[in-house]
Each structure stands twice: as structure tokens, then as C-alpha cells.
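*Asks:* Pasting a structure here, questions to come.
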Amino acid sequence: MASSAENAGPIESNGAKRYAETPLRSEEGPRGSYRFKNKRMKNGHAEQSSILSTNGTNEEVLLKDVTALIKKLHLDRDGKDTSTKVADKFTEIQVEIKEISSTGDGLGFQQGSDSDHVYVVPFTAPGDFVIARPHKHFEKEKYSMADFVSVTTASPHRDASLVKCPYFASCSGCQFQMLPYQFQLQHKKSIVERAYENFSNLPPELIPTIGDTIGSPLQYGYRTKLTPHFDGPPDARRSDGRKGIRRRFDQVPPIGFMKKGTRTTIDIEDCPIGTDAVRLGKKRERKRVAENLEKYHKGATLLLRESTTRIPKSEYHVSREEENTDNVIEDRENHVHVKTCITDPNAKTTEYIDDFRFVNPAGSFFQNNNSILPVFTEYIRDHVLPSTPNHNITHLIDAYSGSGLFTITLSSLFKSSLGIDISSSSIQSATENARLNNLPESSTRFIAADAARLFASIESPADETVVMIDPPRKGCDESFLRQLLQYGPARVVYVSCNVHTQARDIGVLVGGMAGVDGGFGMGEGCYEMESLRGFDFFPQTGHVEGVAVLSRKKKPVRQEKTEEQVSQNDEA
């Protein structure tokens, strides 16, 4: 009855041919700068703020880890001098990997050298001795980006039998397939720890013990969305369109993902972290592009998004579904889930989280690991309210609500729930999702507004309100944090796909913001951290989702002076 991954297996046997077709480094075009590859992160909130100290970019995060490792090396060497020698570019050197950075790359030193220059080598583990090829030096910062070439002595943490993709160690999508899953979870806990140590500006006593990272039920076959792409014809130039020249493909281009550290696209037939339905969709889309190649004159990105139809078992007919080999069938106790792959970004997709139903445009944002969402939303429900039974919190504000994930899954806990998002299309989807889940408009509603200017219209009393925050990777802006401190809700639950900007923002809520009095004095912090932990939404990668729960501090109780104390003070 259930379709297996075997039916959605690799489209070609082992990828060896594609490896051979991948260009050598000497044949590649310019790599571009490693720094600030994501323009949205380059222009993050810290660019215009004197209070927000970081944008949480890979460069900033990596430099913190590099600096800490160099400091540790000097301590280990008991203050002995180290050289500043740096290996020549594109020469092969032996590197001993000391640790994995928060960016997912290995950090190590050249073997046989007394230099404290750090080499950043992807696809490596602590204890590895590897051959690496430096290709980009940052001499002032004392590190170099290097290509991984081969392992000479394997780390005890490395297990090559765990690797399930022939493109691993070439494709930029995964970093950790060679590492046992428990090791991945431990490392992601350390990412959260380092984020708060490096970017929160808080003393250690204000940061709670960080909980173990909650793992994903699926470590492969979990991604409900993939976006492979292909580049334009090799001889196409940006000015061709203005000159009326239309270039054509003379053969099917590589369709897949970027080669690590480059702008070169690798032809990737299959991706084992995608769900079965997505993998089948990838196979069909590759075939469609090849059959319609004459229609393409430039590159394109393909959308692959899983959609679910839930059918009660009493209404399910096996023979009808077996006729459609593009569908994946899953047995879910009282229901059957029919999984399909949607490729039109404007078409609607459906996902279920427990019994909650969410319908969204296929091209819009929604969490891409459905297997962990029931565990994740249950954790939020268990922590969004205080554990004490006599609290008076009855209102929810979801400040970056999107299509309503938190507003809808938490609504039953509150007298009123308000979701706010800057995108009117997201608010439209959220409103429809609330209706699909039979939530009354009187208690669950959504409005379109810029989250940075939302608190002026909030009517619920602050001491009866919890605010959910799930911002983009660049985190909250200064205006939003100022308003949040001035409004002063009883609780804040902050979810983030970038724990570094999350640490920065929570540092402001807990440590205070200059020029803002949130009720405890000018520049004083208003919140205490109750709990902090990571969730592994993306196994085999270096990403971790952070969940922090904050409660508003209690104001100190002023003791009234007795008549005797007043008399004694007067006499003095």
C-alpha cells in the first residue's frame, strides 16, 4: 500500500559520470567573494543601527570561531611564538581539523607548521587529517578558505557508510552526512551556545543552561521543498537581450545545486533529503526540461513542493491510486495520505500538522520539514504559557505570522489570537487557514501591517499577553525591539532560523536598550530567559532552529517604612 523510497530512487545509478563532468578548479570562472554572498544579510538591521551589533552573517560567525580557536592554540602552546606563514593558493597541504565551526565547516591548522593561520575546510570532522587546497586568503583575519581534497587519516567521528548521496563533498547542500546523527545534534547544541556567547552581550549567569537539540524524526527524505536550477546557455551574455540576441541550448544543461564554494551548478539527478514525492517530481521536471529545451533561452529555477491529500480509510480505493504512479501513498492510522509534487508556484499545496490543515501557494514560505513540525508545535504549546496555573495570560500576538502556523496551532490556548504580517498575501492565506481549521473570526484574526510599527494598534493588556516572534534570518529591527520593550508583554517566545541574530535581539530584551525605559529604568533589561534550545529542521546540514522563552521580570516590591523608621530618620 505504501510507496517506498525505492520507487523514487536515484535517476541514474551512482553519479560517477557527473563527477567527471564537474569542472576542475582551474577551469572555473570567478568564484566571487565569500563575504556577504547573501545581499539581504549584508544589508541587515545592524547596518543602520548602533544598538544591533551583528547581522549574523557567515563571515561574522566564522571569524568568531576562528579567533577563539587561535586563542585556544596559544594557550595550548603555553604562550610560545607562532609564525604567520600562509600556504600558497591552490597548493595541496595537510590540515589537522580541530573542530567544526558554527557555519558547518571544519577548522584546522597546517600539519608540520607552527603557524596559527586557520584553514576552513568543508566536509571534515574533528580529528580528521585531510588534504586541502586553499583558494581564498583573509590574512588580516588569519584564516583561509580551502577545498576539501581527501582524507588521509579519518576522525573517529567519521563514518563513510552513513553517506547516502554520490554528490556529498561536492554539492553545497549538505555538510554532515558522514557524521552520526547524535554527533550532529551535539554540534548543533554547541552552535546555540556559541551564538549566545558571541552575540548576545549577556553575562553567562543570564543565559540558562541550553537544552539538548531536538532531533528530526526523519534524517533523510524530510524536505518538502527543493528548488534545483540551471544556468543559461554558455555563450549567453547579459547584454544579449537588449541587443535582441536569443541564445539557445545545444545540449541539456546541468540541473541541480551549486558546487561548494563556487558558482558552478552540478548536475544532480536525485537528492535523498527530499521526500519521495519531491524526488519523483524532480525526475519528471528534469525530463520535461530536456523535452522542451528549445523553449528556454536563459536559466531557470524549478519549484518542487510536496502537497498532501488526506483521505479517510473508509473512502480510500487502492486501485484508483495505483493507476497514478506519480503519487506516493502513506498509511496514517485512520487516514491515507496521498503525496504529490507541485511545480507551479501559484498553485495551492496542502500540509497537515497533526489535525491542523494549512493551504498555501506552492511558492510561498512554509517550514520545509513536516516530520518535525508536530514535535515543534507541541513544544511551543507546552512553553508559550507559564507553568504556574494561576497566571492571567489570555491573549496571543504573533508578530511575524506568515500563513498562520503559530496563531492557528496556539489559538485554543487563548481568548484572542492576533497574527500580523507585512505581506497581504500571507494574511490572506492565514485567514483562509483559520477558516479551514474552524477557528472563529471573533477570537482568531489576522491583519497586514509592518511588524516594526504594530504595537500602536494593539489593544490587549500587556500583562495578559504573550508575543510570538519568528522573523526572517536578519532578525528584528531596532524599531520593533524598542516597541516591544515599551509595550512589555508578560512573555515572549522567539523562534529563529538564525540563532546568531536571535542571540543579538534577546541580548537587547534581557540586557536592555539604550534610551528605552521598559518599566525598570532607562536602558535596563525587562526580561529573563526561561529556556533555550535548538530544533534540527535540516539534518545533514549546519543549520539549527532556535527557540527561546522569555518572561517579564518582576518589579521589586517596595517596603513601606514604619512610623518608628520615619521618626528615626527625622531625628537623624
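Using the three backbone atoms N, Cα and C, a Cβ is placed for every residue, glycine included.
From TrEMBL, for reference:
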type: REGION; residues: 1-53; note: region 'Disordered'
type: COMPBIAS; residues: 18-30; note: compositional bias 'Basic and acidic residues'
type: COMPBIAS; residues: 34-43; note: compositional bias 'Basic residues'
type: REGION; residues: 226-247; note: region 'Disordered'
type: COMPBIAS; residues: 232-247; note: compositional bias 'Basic and acidic residues'
type: BINDING; residues: Gln367, Tyr400, Asp421, Asp470; note: S-adenosyl-L-methionine binding site
type: ACT_SITE; residues: Cys497; note: active site, nucleophile
type: ACT_SITE; residues: Cys497; note: active site
type: REGION; residues: 553-572; note: region 'Disordered'
*Asks:* What span in Å does the S-adenosyl-L-methionine site cover, taken as the longest CA to CA distance among Gln367, Tyr400, Asp421, Asp470?
*Replies:* 16
*Asks:* Take the mean position of the Cβ atoms of Gln367, Tyr400, Asp421, Asp470, the recorded S-adenosyl-L-methionine site. Which other residues of that chain put their Cβ within 8 Å of it?
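*Replies:* Once Gln367, Tyr400, Asp421, Asp470 are set aside, the remaining close residues are Phe365, Asp398, Ser401, Gly402, Leu405, Phe406, Pro471, Val495.
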*Asks:* Round to a whole number and give the Cα-to-Cα distance in Å for the pair Asp421 (S-adenosyl-L-methionine binding site) and Cys497 (active site, nucleophile).
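*Replies:* That comes out at 17 Å between the alpha carbons.
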*Asks:* Within 10 angstroms of the C-beta of Asp421 (S-adenosyl-L-methionine binding site), what count of other C-beta atoms is obtained when all protein chains are considered?
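*Replies:* Counting Cβ neighbours of Asp421 (S-adenosyl-L-methionine binding site) within 10 Å gives 25.
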*Asks:* Out of Gln367, Tyr400, Cys497, which of these recorded positions shows the lowest number of other CB atoms within 10 Å of its CB?
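*Replies:* The recorded positions Gln367, Tyr400, Cys497 were compared, and Cys497 has the fewest Cβ atoms within 10 Å.
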*Asks:* Could you round the CA separation between Gln367 (S-adenosyl-L-methionine binding site) and Cys497 (active site, nucleophile) to a whole angstrom and send it over?
*Replies:* 10
*Asks:* Note down the number of other Cβ atoms within 10 Å of the Cβ of Asp470 (S-adenosyl-L-methionine binding site), including every protein chain shown.
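*Replies:* Asp470 (S-adenosyl-L-methionine binding site): 20 neighbouring Cβ atoms within 10 Å.
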*Asks:* What's the CA to CA span in angstrom from Asp470 (S-adenosyl-L-methionine binding site) over to Cys497 (active site, nucleophile)?
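*Replies:* Between the Cα atoms of Asp470 (S-adenosyl-L-methionine binding site) and Cys497 (active site, nucleophile), the distance comes to 8 Å.
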